[in-house]
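According to Swiss-Prot, the features are:
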type     : residues : note
TRANSMEM : 4-24     : transmembrane segment
TRANSMEM : 51-71    : transmembrane segment
TRANSMEM : 75-95    : transmembrane segment
TRANSMEM : 109-129  : transmembrane segment
TRANSMEM : 139-159  : transmembrane segment
TRANSMEM : 173-193  : transmembrane segment
TRANSMEM : 195-215  : transmembrane segment
TRANSMEM : 222-242  : transmembrane segment
TRANSMEM : 247-267  : transmembrane segment
TRANSMEM : 297-317  : transmembrane segment
Amino acid sequence: MQKMVWAFIVASAVGLLIGPWLIPYLRRLKFGQSIREEGPKGHQRKAGTPTMGGLLFLIAVPMAVLVTVGFTPQSGVLLLGLLGFGLIGFLDDYIKVVKKRNLGLRAWQKFTGQLILSLILIYGVVYGIDRGTSLYLPGFEVWWDAGALYYPLALLLIVGTTNAVNLADGLDGLAAGMTFWVALAFAAIASAGTSDVTAAFAAALAGGCIGFLFFNHHPARMFMGDTGSLALGGAVATLALLTRTELILPVLGAVFVAETLSVILQVASFKLTGKRIFRMSPLHHHFELGGWPETTVVYTFWAASLISAFLGVLLAMPIRF
């Protein structure tokens, strides 16, 4: 518990300390956010806000983890999930901002990178720390050895989670605030399961979100970019693997799931019927275009994330790992 608390404090403090330096540094490099014309009109005023602020997570979280629990097989895998996906996001942001290629990495390039990194993570979790291929079935309180089926399921979970967090990063403070509650839930789950290293990492991730939110709450002074959203998604997915909560993650991150489903349903509906279900997807834009102030949407989604994270913790309590 003590390591977990210190990891949270260190990550928060580091984030708060480097934020005032990072923002002007990104401005000097002219790493400003470009806003899509087809997005909500009110977002155009955000153009030029420094992006790639997710670098804060890539500094604060590893520092907190290494200071509190050091480098172990578990912390190594968790840091790989954070830093590896953060690197993919950084390359995507760099191409968008510096190379002026609006879409960043091509879809096949991003997917290939995510696929390779996911396979490395799965191998590290299953064999490197001997996690095995068993899955906990919530509600039934039984374990099922998925065998070879575990690998595609884990692959879907990692890639899906990283992109779900990326989709949710559309309003000031939204993705970081939602991830904060999920990370805090993982800290509680890991602590109850007597995994100090995993609990410390989850607490550091939550602390990093708090440090970042100080500069990202409305009106945001910097955005995390894909650097941050993919890093957060990769970290959350890896936490699910290590805590054996793969099948509970959709509950823990239910709002992220809703954001993703809104995009899938919107695209499918438009292709099949020519009509849209939502005013705009992801879901947060639907409410925004319905007249909700941005802060109201964000606070509502934060509250929903808190509730879903709490329910996820209750489902995970029988697990001991």
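The backbone N, Cα and C atoms fix where each Cβ goes, and this holds for glycine too.
When Cβ distances are compared across the two stretches, the transmembrane segment (51-71) makes no contact with the transmembrane segment (109-129), since fewer than 3 pairs at least 6 residues apart fall below 8 angstroms. Between the transmembrane segment (173-193) and the stretches 4-24, 109-129, 222-242, 297-317, the greatest number of Cβ pairs separated by less than 8 Å involves 297-317. The transmembrane segment (109-129) is not in contact with the transmembrane segment (247-267), judged by fewer than 3 CB-CB distances under 8 Å for residue pairs 6 or more apart in sequence. Recorded stretches compared: 75-95, 139-159, 195-215, 297-317; the one with the most Cβ pairs under 8 Å to the transmembrane segment (4-24) is 195-215.
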